[in-house]
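Novice: Below is a structure I'd like to ask you about.
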Amino acid sequence: MWIGIISLFPEMFKAITEFGVTGRAVKQNLLQVSCWNPRDFTHDKHKTVDDRPYGGGPGMLMMVQPLRDAIHAAKAEAGDGVKVIYLSPQGRKLDQTGVTELAANEKLILVCGRYEGIDERLIQTEIDEEWSIGDYVLTGGELPAMTLIDAVARFVPGVLGKQASAEEDSFAEGLLDCPHYTRPEVLDGYVVPPVLMSGNHEEIRKWRLKQSLERTWLRRPELLEKLALTDEQKKLLKDIIEAYHIRQSKTSDNG
């Protein structure tokens, strides 16, 4: 997978290219990350990259010419078939479904805004899609871009030890992840669930599925509304809800 970055702070992306799973993917040429800094496309001695917005108001916008030239340079290197993404609070909110869609692209250019954003005409003419990582404002698009890269890179063949790791992760099936345990068997009086040490793979699978369903129902119930549950999942969820109400009833009686 090839990813081009448009950023005033390309050094920030060393966190992606030099460390962890993504850093290893870059070293193995499974993931290619190239950066373009709009400052390198300025024509004045001060390397100016911001400009005043029409209509006044606080803050500045990224200057059109250096940003557009940087995008064009990235597009020229990428060639045909590249999708240009602008990281923006106004964009579609990134979730696992979106990650899967973006991971299907062989080439992406990620435009990281700064200041108060970029000229709307650039969004209309240069940007294919806008994406957001949440309903809050950051100082720039670099951290959202790194989040997106980390998420989509997991679906590139060979990046993870097992492709199943990406497919079984939290949200991969629309559910929250189940609890995980490692040694020691007993930690401060808390014991690893016996089923996980039973060696019975089918029972372990069912336990994990039930835990995922219960966590999702308790913490993010809106996610379940989007899913077409299997018969097995429906039955497990019914059991979970019934058991929960029984516990609540006993608690009320004791109170």
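Every residue gets a Cβ built from N, Cα and C, even glycine.
Feature table excerpt (Swiss-Prot):
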type    : residues                                               : note
BINDING : Gly113, Ile133, Gly134, Asp135, Tyr136, Val137, Leu138 : S-adenosyl-L-methionine binding site
Novice: So which of the binding-site residues is most packed in, judged by how many other Cβ atoms lie within 10 Å of its Cβ, out of Ile133, Val137, Leu138?
Specialist: Ile133
Novice: Which one, from the binding-site residues Gly113, Gly134, has the smallest tally of other C-beta atoms lying within 10 Å of its C-beta?
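Specialist: Looking at the binding-site residues Gly113, Gly134, the Cβ with the fewest others within 10 Å is that of Gly134.
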Novice: Output, ordered by sequence, the same-chain residues six or more apart from Tyr136 (S-adenosyl-L-methionine binding site) with a CB under 8 Å from its CB, or 'none'.
Specialist: Pro89
Novice: Taking the Cβ of Asp135 (S-adenosyl-L-methionine binding site) as the centre, count every other Cβ atom within 10 Å, in any protein chain shown.
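Specialist: There are 7 such Cβ atoms around Asp135 (S-adenosyl-L-methionine binding site).
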